[in-house]
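Engineer: Next up is a structure, given as structure tokens.
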Amino acid sequence: MKPDFALDYSLTFNSVLPWSHFNTAGGKGNRDAASSKLLQEKLSHYLDIVEVNIAQQISLRSEAFFHAMTSQHELQDYLKKTSQAVKMLRDKIAQIDKVMCEGSLHILRLALTRNNCVKIYNKLKLMATVHQTQPTVQVLLSTSEFVGALDLIATTQEVLQQELQGIHSFRHLGSQLCELEKLIDKMMIAEFSTYSHSDLNRPLEDDCQVLEEERLVSLVFGLLKQRKLNFLEMYGEEMIITAKNIIKQCVINKVSQIEEIDTDVVMKLADQMRMLNFPQWFDLLKDIFSKFKIFLQRVKATLNIIHNVVLSVLDKNQRTRELEEISQQKNAAKVNSLDTEVAYLIPEGMFISDAFSEGELAPIVVDTTSQRNASPNSEPCSSDSVSEPECTTDSSSSKEQTSSSATPGGVDIMVSEDMKLTDLELGKLANNIQELLNSASDICHDRAVKFLMSRAKDGFLEKLNSTEFITLSRLMETFILETEQICGRKSMSLLGALQSQANKFVNRFHEERKTKLSLLLDNERWKQADVPAEFQDLVDSISDGKIALPEKKSGEERKPAEVLIVEGQQYAVVGTVLLLIRIILEYCQCVDNIPSVTTDMLTRLSDLLKYFNSRSCQLVLGAGALQVVGLKTITTKNLALSSRCLQLIVHYIPVIRAHFEARLPPKQYNMLRHFDHITKDYHDHIAEISAKLVAIMDSLFDELLSKEYL
């Protein structure tokens, strides 16, 4: 019963038929031979019995055998007919296949093969285009088309990651393009540095405000695209160097025109500049200010171009976000509508819903491809472009991905889609541009201050007379105002230096006049002086409301008058008071010429008036003139003249007060109280003189009356 039962295997055979019992070996050989013969006969008998039983069974079923034989003949006839029918059917099917199906299927196979060939051709064409990327980038870089080169690299990288992913021959191209992109970054930074140097250091006589505007726009776009936002610092450093060079060149040009300056003996440029007299130095300063103004206008024009580029990118970012939001809303609505569509099979073997979905997806594909093609300087449809098969997209969709604006010079700005800068970064950059313009103004003012301080080392500015200092002050104020108009912010350094020099000028101005007044008072003999015609003209001009020194009238010399006529009143005065009135008008005129020193001048003038009052009181009432000028006695005539001089000054104090009040800021009106104090002091002095005169007259009357009665 074993599955591997086999009688031809000796062990199995020996187990079934124990022939070992019939082995002829040994002494029992005859008996064993007889036993084997007996066994053979027994087996033969069994075989005969089996044959007899089989024959008996066959005889019992003979009819069934004969019936099976006849049935077999009929079955063969049926099989033969079936075989003929199958053959006929196969022939018909073969004819149908040949006539109805084979041609159509062949056409379908050809169409599929053609589509595959087109795909392979486009893929090979795309590969050939990608293969030309590096030579094309080199060509673009040779013409400084950095933005176009960067767009081409970005597009190629995108194609390598999508359409050509896994292509073995391009396995190193991605890393090569990354290295090329880093090289372009360095080239752009170097190019911008070169541009800044050439733009700021070109001759200032050139009328062109912006140098190669298209080149500047392209560079700024490239730097923004690569997020190299520190280019403004480079421009700022170049501005500082240029401002220094402007002053240096102006000094060299001016010194070279002066024959009196021996440049071989005086080697330092600063020492050569200090050898200039005021008119020469003033012309030099005027030339420097003029050059600085042109320099600031150029900086402003260049920064305006950069600012417009930044604003264009910022505006494009906002538009892109709006378009993305609208697109997401539309796509969500389309997906919801497609969910409810019923799919019907049309004859072309395509479902209606599939047709709808293809139609809806097409614009999306266009959008993604147009994003790669929308670059400011690249030419996506040329033979050198990367995505040439994509150039068949709808032009309207491509226009949606770029926006254009124009710079003041008329250069169109095309903003590409892949500017990955945030609104915050762009906003900070725009603010930095304005700060850089303000910094340019500060640089010019700082360099001008250093130039002034260099000339003021030997006290040159402090030695200027009023006319020269006023001319210098007006020039500096005009420059400060012009730079404020250009840059939009007032720089304080030059204004502070002007104020400092003005304070020094006021101190010297006041000390000179106070010293002059002191000398006049020390030499005054308090006798009535003749009034020259020019002083009468001066008083008349004040009466007409003009507080200024009148111009000298040419013509016949007019005789001096005995008294000064002021608004119909006669004033007998001493010479010192006439000069004092002139000095007071000099103070008032200085305030008109230098408004920034109004408060200082008011204080100094108050001090001068107080000094005149106190000093005249010491000399006349205090009898100081007896020792100073050697008067024998202080007469009533001296007292009357002193009182009349004080009354003349008191008459003009309200006029002076009104003059200063019109020029003081409202928050400093409290300084006008000085005039009130001075007026009171003068009135007190006049009252004391009157009391002295009355006392003298009393003593005389007493003396006369006593003599009369005696």
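From the backbone N, Cα and C atoms, a Cβ is placed for every residue, glycine too.
For reference, TrEMBL lists these features for the protein:
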{"type": "COMPBIAS", "residues": "369-386", "note": "compositional bias 'Polar residues'"}
{"type": "COMPBIAS", "residues": "392-407", "note": "compositional bias 'Low complexity'"}
{"type": "DOMAIN", "residues": "41-190", "note": "domain 'Vacuolar protein sorting-associated protein 54 N-terminal'"}
{"type": "DOMAIN", "residues": "569-698", "note": "domain 'Vacuolar protein sorting-associated protein 54 C-terminal'"}
{"type": "REGION", "residues": "369-412", "note": "region 'Disordered'"}
Engineer: Mind looking up the mean pLDDT for the domain 'Vacuolar protein sorting-associated protein 54 N-terminal' (41-190) in the predicted model?
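Structural biologist: Summarising the domain 'Vacuolar protein sorting-associated protein 54 N-terminal' (41-190) by its mean pLDDT gives 85.
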Engineer: Using DSSP, tally how many residues of the domain 'Vacuolar protein sorting-associated protein 54 N-terminal' (41-190) sit in helix, strand and coil.
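Structural biologist: Its residues fall into 137 helix, 0 strand, 13 coil.
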Engineer: Please spell out the DSSP helix, strand and coil residue counts for the domain 'Vacuolar protein sorting-associated protein 54 C-terminal' (569-698).
Structural biologist: 109 helix, 3 strand, 18 coil
